[in-house]
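Report on the structure given below.
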């Protein structure tokens, strides 16, 4: 028995929600360890769709403990809204099935405003990142700048005013420079006071809770958000998110040691998608790209933005395997490729007349890198709903084997539809 870390191996939207839900049935605790409510996923359980952005997937399953770790930035308004939305669907979230790190950073209205102001200014200058405008980046900036308001501060009203003063000294200076009106101390205090009673009952010392449960033999599932290629260090900077999304962050973002992580499962889409700005070497602007987008329903859960689509990039996923220490992958959306005459896989790039096996970190070089493809025969048969290798066409199996060889990691699970049971299990990560 081992713990399992789930990470996206591409630019997010790999289908982590379904896989995490599938694994959460085997877990006792599900932990979010980074990001905020800027990346969502949809779970389909007994025909009912649940859209989650901040809450861990385990919250919709009875008998599971959902945990939001210290590495997450929490918008209390979004948290409360998500809890209320689930309640309307018959899912009750209480302190018995949700615990939140006392040292997690809060996203406030001023963070959301600053995010939007910057994106608008960047749009005018042609330098926008394509954020979700939800305040994630500014909140992480305050965390690193040691001026953030944290969950525990809601319980200490005596020291809160001084912390708000420190926060506003920074933010009002920024706002003056941007030509925006200053924010009053009272406005922030009122905002915090309005959410304290709803948030504080969930507060806990998470590192202690997880260490205690680990020692008792609990199975812990760490649920990553976004994807490796959006990591603040290892992604396509500056078109990245504001946190580390790689597996190592599961330790830092929860308070557990790296030795507690166990099996690293990389969720990997059978083709490639990206939302927003940034390099995308295998992007397809043709009929095939449109086919993938329509067949794969490639629209963001949180923003509704249309995703850019392209061929599978084995060179990028190979980097993700290395950066995360991926043990095995869950290959998703294989069924979307049904019916294509041929399939291409990127195995490297050409840059300045030379062939290279990885995407450079330089933004200028990324723009110049051209994909090198191999071509495989497609298949006409349907793979939708397949639950065993015997149900897959020979060419589909060949495609899967080629992916394994090129990325240097085996397929542990294979997903053939959005339904959780339409999954071919090769290796149970909890039993590896």
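The chain as shown is numbered from 1 upward.
Every residue gets a Cβ built from N, Cα and C, even glycine.
For the IMP site, Swiss-Prot lists 13, 14, 15, 16, 38, 39, 40, 41, 146, 226, 241, 305; matching the candidates 2, 132, 159 against that entry yields 132.
Rounded to the nearest whole angstrom, the C-alpha distance between residue 306 (substrate binding site) and residue 13 (active site, proton acceptor) is 12. Every protein chain considered, the tally of other Cβ atoms within 10 Å of the Cβ of residue 13 (active site, proton acceptor) stands at 27. The separation of residue 15 (GTP binding site) from residue 38 (IMP binding site), Cα to Cα, is 15 Å. All protein chains included, residue 18 (GTP binding site) registers 26 other Cβ atoms within 10 Å of its own Cβ. Nearest neighbour of residue 305 (IMP binding site) by Cα distance, taken over the recorded positions 13, 42, 416: 13.
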